[in-house]
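What TrEMBL records for 45-445 is domain 'Amino acid transporter transmembrane'. The transmembrane segment feature in TrEMBL is assigned to 76-98, 136-164, 176-193, 205-222, 242-260, 272-296, 316-339, 360-381, 387-412, 424-446.
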Amino acid sequence: MSSGSPKKDVNLDMQLLSKSSPTRNGDMIVDDNYDPHLHRNRPHPTTNFETLVHLLKGSLGTGILAMPQAFYNAGYISGFVNTILIGILCTYCLHVLVQAQYILCKRHRVPILTYPISMKMALEEGPACLRRFSPYAVVIVDGFMIVYQLGICCVYIVFVATNIKQLVDVYLNLDVKIHCMILLVPLIGINMIRNLKILAPFSTLANVITFVGLGMILYYVLDDLPSLSEREMVTDIGRFPLFFGTTLFALEAVGVIIALENNMATPKSFGGTFGVLNVGMFVIVALYAGMGFLGYWKYGAEALGSLTLNLPEMDILSRTIRILFAVAIFISYGLQCYVPVDIIWNVYLVQKYKDSNNKFVYEMLVRIVVVIVTFLLAVAIPRLGLFISLFGALCLSALGIAFPAIMEICVLWPDKLGPGKLVLWKDIILILFGIIGLVAGTYTSVRDIIYSFQ
């Protein structure tokens, strides 16, 4: 999962904001003949198939390995059904977000807008009660993006450290925090890579490792399954927010979706009943629901924050799987860390230091500080499953559910909200759902993190 606001796109957005179409009587003049999709000029646009592959690759990581524990917090019937429902909700909200951005691009006659700028422009055109928040929209959306990406990086550190610990415990039993400290210097090293092209071959390797590793894990999961009657169909509702946060973390790749749609050669093929988004999300939801169901069926209450941690410790194949996933996730850390660094440096700091002789040094310091922040969080709270649930509920309830609904209200305001303002009421329900998910999921995750230390 990744997202970003590249410097050139942000600068373009800010220039275009000042060149928006003229207004008449307070209403935007919209050129119905202008199609943003026809004016995009991407140097290396992706085909429909390439976009689908990127979507699948971007969604298969630590999240799918955490699904059995998520099912433990919901039950196998509740978990299976609600994974599908959350998947449908995420897909719908992504459609809402992409369509709202398209309307804004068409209205302002610009080919592409980033998520933060889209939110700002939407709020400026929405109800009067929301317009007051438009000056803060970019910072708020960027803030959630940064926190979410840093959260992914924290999850990756804990994942790698925990799997390494299981590998070496038979020789030397060290606390997981020590393993996190050992990883600090290599993590700083991989985050010093400024060019994504250098990371691209390693990213491909990580993706291959992930797919092979998942196949190997299924070998253990499907071997000697217990009776399904030993597992709970529905669990205590008090644990459901943990399921919600973990599933949202696993399924919702809002930053990836926007980036992929923006870079398509035929962006009109992204939406639609059998478009890239629906096909990709169908496969992803099926994989996650299947892995969660089978993993919970196999391990039940013993399902840990990653399926790799449930594998036999001394078996050669299982140890190979841990090594493969540790390498793959370590490589992916560099890609995920690129996003918060890109936002913090290129959006907020680069202009301040653009004339400085030490510009390169300052950028390297930002990269080091970002790694240290994720390292400190990982060391302070080395709880993999709870980390995943926390950042899923905290960030993606807003970025993936509430914000798209707010944006749709604003871009359709005041006279395009359907009969009886049906769209308005629907979006209000989505906003409330997102807020409840954020509050309940965050509270439950933080509570359980505190309990885990007692």
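Placed from the backbone N, Cα and C atoms, the Cβ positions cover glycine too.
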Cβ contacts the transmembrane segment (205-222)/the transmembrane segment (272-296), at least three under 8 Å, sequence gap 6 or more: yes
Contact set, same chain, for the transmembrane segment (387-412): CB under 8 Å, 6 or more residues outside the stretch: 62-63, 66, 70, 89-90, 93-94, 96-97, 99-101, 103-104, 107, 115, 118-119, 122-123, 125-127, 130, 141, 144-145, 147-148, 151-152, 154-155, 158, 241-242, 244-250, 252, 254-255, 305, 378, 381, 423-424, 426-428, 430-431, 433-435, 437-438, 440-442, 444-446, 449
Whether the transmembrane segment (242-260) meets the transmembrane segment (424-446): three or more C-beta pairs under 8 angstroms: yes
Range from 76-98, 176-193, 272-296, 316-339, 360-381 with the greatest count of C-beta pairs under 8 A to the transmembrane segment (136-164): 316-339
Maximum Cβ pairs under 8 Å to the transmembrane segment (176-193) - stretch from the list 76-98, 272-296, 316-339, 360-381: 360-381
Chain residues outside the transmembrane segment (272-296) and at least six past its termini with a C-beta under 8 angstroms from it: 48, 51-52, 55-56, 59-60, 63-65, 67-72, 76, 79-80, 83-84, 87-88, 90-91, 94-95, 98, 214, 218, 221-222, 225, 231, 247, 250-251, 257, 260-261, 264, 303, 307, 310
